[in-house]
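Colleague: Have a look at the structure that comes next, please.
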Ligand code: SAH
Ligand code: SF4
Ligand code: F3S
C-alpha cells in the first residue's frame, strides 16, 4: 500500500495509524503508487483549491490504476481526510474510479470497508461521526512516524467546538473529544520502548484536552504531561496546536516545572486587531494575547513563540492590519506561518460582505512575511555562538553529518557519529542558514531533559 499525506501533523499521525490498521490484512507500505495494491490519499481542506488539488491527484492515480488493471493487477483507491469528509459524495460523482471514501473519524473501520469494496464492486463511503471512539478499536501503534524513529506525533485530542469564522475544521473533524489518559500513556510507553525520545502531543485544540484520568477525575493537558514526564527515556515533550483561550495556569506552570517540556510554543493568534479577533470569533483580544505571552515568559524565560496569521479576513482595514504588525513587533516570534484569507464553503466568513481584494491581501501578506522573516532570522542569528542541546534524529545530507532539532525546534546539523541518533548532545552553533543552523559537537553524554539551571547557554 501507498499513503499520500497532505495537511497538518494530525494527518501524518492518521496516515501512520491507517497503515497500522491495514497491516493485519497483509498490506505493507511501499514507496510509490504504481507498485501498490492499495493507495490512500489523505487530504486537507483548510485553504484554497483543496478539492481541485484532490481531483487533479486522483486523475494521476487513475492513470496508474488503469495501467495496473491492464496488467491484471487490482488497485484499491481510497480518499481519506478532511476533503473526503466535506465532499465525499462529490468525490464519488466526479471520480467514480475511487473505491473508498472515508472521513477522519472512521478509519478504524477500514478493514471492513476494504472487504465491502471487494465484495460489492461498487464504491464505499463512510463519513460518519461514530459514537464509538476510533482509538478504542485501533491496533496498537506500530511505532514512530518520523525518520530515525526518534520523534513522534501522538494524537490526544481531536475536533473543535470553537467555530472560528474562517475555519472548516469543526465541520471536517467534528466535536472536541479527548482520549483517556491511560490510553495515551500506554501508547507513549510503547513509542519510547520502540526508540522514540521526543513526543509531540497533537490536537486541533490540544490544550482543551480533558481526558478521563485513571484516578476517576478529568485530566488537563498539564496533568497528562506531568504523567508523561515520568516515563524514563522520554526526553522531550511538545504539544500543538494550542488555542490562547485554553492556556490555563497549570499549563503555564508546566512550562516552568517540566524540564522535558521544550521551550517552544506554537500559539496561533491570527490577528492583532481586536475588531478582527472578534469578527473571527477567537474569544480573546490582542492584549489578552500579550499578557499570556508575558505569563509564559515569566514561567519559562527562554520560551520562544511561533504563530499563525491570516491577512485579509473579511472587513480587515489598513488599521486592523497595522495592529497585527504592532502585535508582532511587541511579541517577537521565532517562527510563524501566515496565510491569505481563503473563503471556505459553509463557514460564516465566506458569505460575509466586505471581502478583501486579492491584490490587497497579497500586499499585506508580503509586508507581514517580511517582518516575520526578519524576526526569525534575528532569532536564529542569536543562537550562533551558543551551546545548545540537540536531539539527533536522522543522518544529515553530507556523509558524517547528522540532523536534529534544538529545543526551539530549529533544524541543526553537525558532524557526529551515527550512534548519536536518538540522543541529545551539546552542539555549539556556528552558522545560521536560511532554514537551519550548523554547529559543532561539544559533548555527547546528555540523554535526558534539561533543568532550568542547566539550560543557560554559553
Ligand atoms: N486550531 C488551530 C488552527 C488550525 S488550522 C487554531 O485555532 O489556531 C491552521 C491555520 O490555518 C490556522 O491557524 C489559520 O491561520 C489557517 N487557516 C485556517 N483557515 C483558514 C482560511 N480559511 N484561510 C486562511 N487561513 C486559514
Ligand atoms: Fe479552526 Fe478556530 Fe477550531 Fe482552530 S480553534 S481549529 S482555527 S475553528
Ligand atoms: Fe487540513 Fe483537516 Fe488538518 S483540514 S489542517 S487535514 S484538520
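Cβ coordinates are placed from backbone N, Cα and C, and glycine is handled just like the others.
Curation plays no part in TrEMBL annotations; they are all automatic predictions.
Straight from TrEMBL, here's the annotation block:
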BINDING   8, 44, 82  [4Fe-4S] cluster 1 binding site
BINDING   160, 164, 167  [4Fe-4S] cluster 2 binding site
DOMAIN    1-119  domain 'MTTase N-terminal'
DOMAIN    146-378  domain 'Radical SAM core'
DOMAIN    381-443  domain 'TRAM'
Colleague: Taking only the Cα atoms, work out how far residue 82 ([4Fe-4S] cluster 1 binding site) lies from residue 167 ([4Fe-4S] cluster 2 binding site), in Å, as a whole number.
Modeller: 12
Colleague: With DSSP helix as H/G/I and strand as E/B, how many residues of the domain 'TRAM' (381-443) fall in helix, strand and coil?
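Modeller: Counts, helix then strand then coil: 6 helix, 35 strand, 22 coil.
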Colleague: Hey, what's the Cβ neighbour count for residue 160 ([4Fe-4S] cluster 2 binding site) at 10 Å?
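Modeller: Excluding its own Cβ, the number within 10 Å is 23.
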Colleague: Rank the binding-site residues 8, 44, 82, 167 by the number of other Cβ atoms within 10 Å of each Cβ and report the first-ranked residue.
Modeller: 82
Colleague: When the Cβ positions of the binding-site residues 160, 164, 167 are compared with the atoms of ligand 3, which fall under 6 Å?
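Modeller: Qualifying residues: none.
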Colleague: DSSP-wise, what's the residue breakdown of the domain 'MTTase N-terminal' (1-119) into helix, strand and coil?
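Modeller: Going through the domain 'MTTase N-terminal' (1-119) residue by residue, I get 68 helix, 18 strand, 33 coil.
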Colleague: Which of the binding-site residues 8, 44, 82, 167 have a Cβ less than 6 Å from any atom of ligand 2?
Modeller: 167
Colleague: Under a three-state reduction of DSSP output, how is residue 167 ([4Fe-4S] cluster 2 binding site) classified: helix, strand, or coil?
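Modeller: Once the DSSP labels are grouped into three classes, residue 167 ([4Fe-4S] cluster 2 binding site) ends up as coil.
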Colleague: Cβ under 6 Å from an atom of ligand 1: which of these binding-site residues qualify? The list is 8, 44, 82, 167.
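Modeller: If the test is a Cβ under 6 Å from any atom of ligand 1, the answer is 167.
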Colleague: Cα of residue 44 ([4Fe-4S] cluster 1 binding site) to Cα of residue 167 ([4Fe-4S] cluster 2 binding site): how many Å, rounded?
Modeller: 12
